[in-house]
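The structure under discussion appears below in the form of structure tokens.
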Amino acid sequence: MAAATGPSFWLGNETLKVPLALFALNRQRLCERLRKNPAVQAGSIVVLQGGEETQRYCTDTGVLFRQESFFHWAFGVTEPGCYGVIDVDTGKSTLFVPRLPASHATWMGKIHSKEHFKEKYAVDDVQYVDEIASVLTSQKPSVLLTLRGVNTDSGSVCREASFDGISKFEVNNTILHPEIVECRVFKTDMELEVLRYTNKISSEAHREVMKAVKVGMKEYELESLFEHYCYSRGGMRHSSYTCICGSGENSAVLHYGHAGAPNDRTIQNGDMCLFDMGGEYYCFASDITCSFPANGKFTADQKAVYEAVLRSSRAVMGAMKPGVWWPDMHRLADRIHLEELAHMGILSGSVDAMVQAHLGAVFMPHGLGHFLGIDVHDVGGYPEGVERIDEPGLRSLRTARHLQPGMVLTVEPGIYFIDHLLDEALADPARASFLNREVLQRFRGFGGVRIEEDVVVTDSGIELLTCVPRTVEEIEACMAGCDKAFTPFSGPK
């Protein structure tokens, strides 16, 4: 990213300096898109409400604040309790900040002026939240465009802006959501620089974890090391999601690390480790998974499963380019997994017939990847007209879109040996006929392997953002403490 000449977000030391021009450009993009929409009247004004501080249940213990994602995309504001207004016709932006009581200075620090926030966030005007109705009245908007829509990953409805006096205005809450979501799908050059940075720091942290892991450690010790590196070296106070540090059978638990299974197993000799962790900088995410043997040396079975997943990962990245349909990439990964599992003797028979029986979903029940940005599962996966495919595996895809330049996605194929899925397949004659029970038994308790990369779709291929050891030789060298150079995948760009 070119040196920022205007206001910027920066945490000092070697952290990334992010120009506030990034958000000014996002607001400009949104206005340009809205002006092209025939349903948008002249005199329309966008109203966004930022996130609010919360407490732990009924106590006064604060929960660390993280800005609401749409508001961050448009304004880059780190403080809670704010609103943002954008005049669609002119692009003029107004930030509304809370009017703080004098006691705030005692407990929380200096109370800043409106001019401070105007300079800090490079907006056209700053007013107080309690003035929002009167300020908007003076602007005489034809309609207020508020944000209401369903997140297609969570199924939850985003919070629509509301304030005292909003009932006096004409409000439309259907136009804005699809337009701002589509803006977020395509990253600007400045946004890509932040995502390169989150991947750089998180990749370095994964390499430190690989070097540090030892048999006898607790999984959470590696979670702690990862988060410490990201924060101390990268200024990442937040993680993009709860760290998944699965060893042994836990490596087949897709979202391990939750409160009921808090990365608390002791790592044992012979385990595979699957560590899915990503740091977040200024609300921009990363999402990286590394799989490796706990003792630093792959067994023959571990190597076979790992290299099967590596082959599918690289085949997908080599095939990605504008116009490619994402479900076809999932199917490509599935087919390669089935071919490799047959080569290992776990499966036998026609791979085409296995595909027809949806056997791939037994070993990879999740989708191949998802959009990445300000949210780790970023918005825009299923806009109007893009339907979810109701087939095993494919129904878990978080998007079924055709790839276009500027999209950022994860590529995360995996092979897992999940007992209840294997038992279901063995009880189903249509699938059991392909399974070699004796060989399969050897892999009960193996866990799983996932390889997850973050990539940008370019005009002719992809740019790989993640930079960690991936081949068996590279991983073993890294875990042995060697500083041997490794070459990340390089596909068409």
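Glycine is no exception: its Cβ is also placed from the backbone N, Cα and C atoms.
Of the residues D276, D301, Swiss-Prot places D276 in the same Mn(2+) 1 site as D287, E452.
In Swiss-Prot, the feature phosphoserine is attached to one residue out of S93, S154, S167, S396, namely S167.
Annotated Mn(2+) 2-binding residues in Swiss-Prot are D287, E412, E452, and among H255, H258, H370 the one listed with them is H370. Going by what Swiss-Prot states, the dipeptide site holds H255, D287, H377, and the candidate of R237, R388, R395, R398 recorded there is R398. Within 10 Å of E412 (Mn(2+) 2 binding site), judged by CA to CA distance, lies none of the recorded positions S167, H255, H377.
A simple way to gauge crowding: the CB of E412 (Mn(2+) 2 binding site) has 24 other CB atoms within 10 angstroms, across all the protein chains here. Cα-Cα distance from D276 (Mn(2+) 1 binding site) to H370 (Mn(2+) 2 binding site): 14 Å (rounded to the nearest whole number). Between H255 (dipeptide binding site) and E452 (Mn(2+) 1 binding site), the C-alpha separation comes to 14 Å. If you take the Cα of H377 (dipeptide binding site) and the Cα of H370 (Mn(2+) 2 binding site), they are about 6 angstrom apart, rounded to a whole number.
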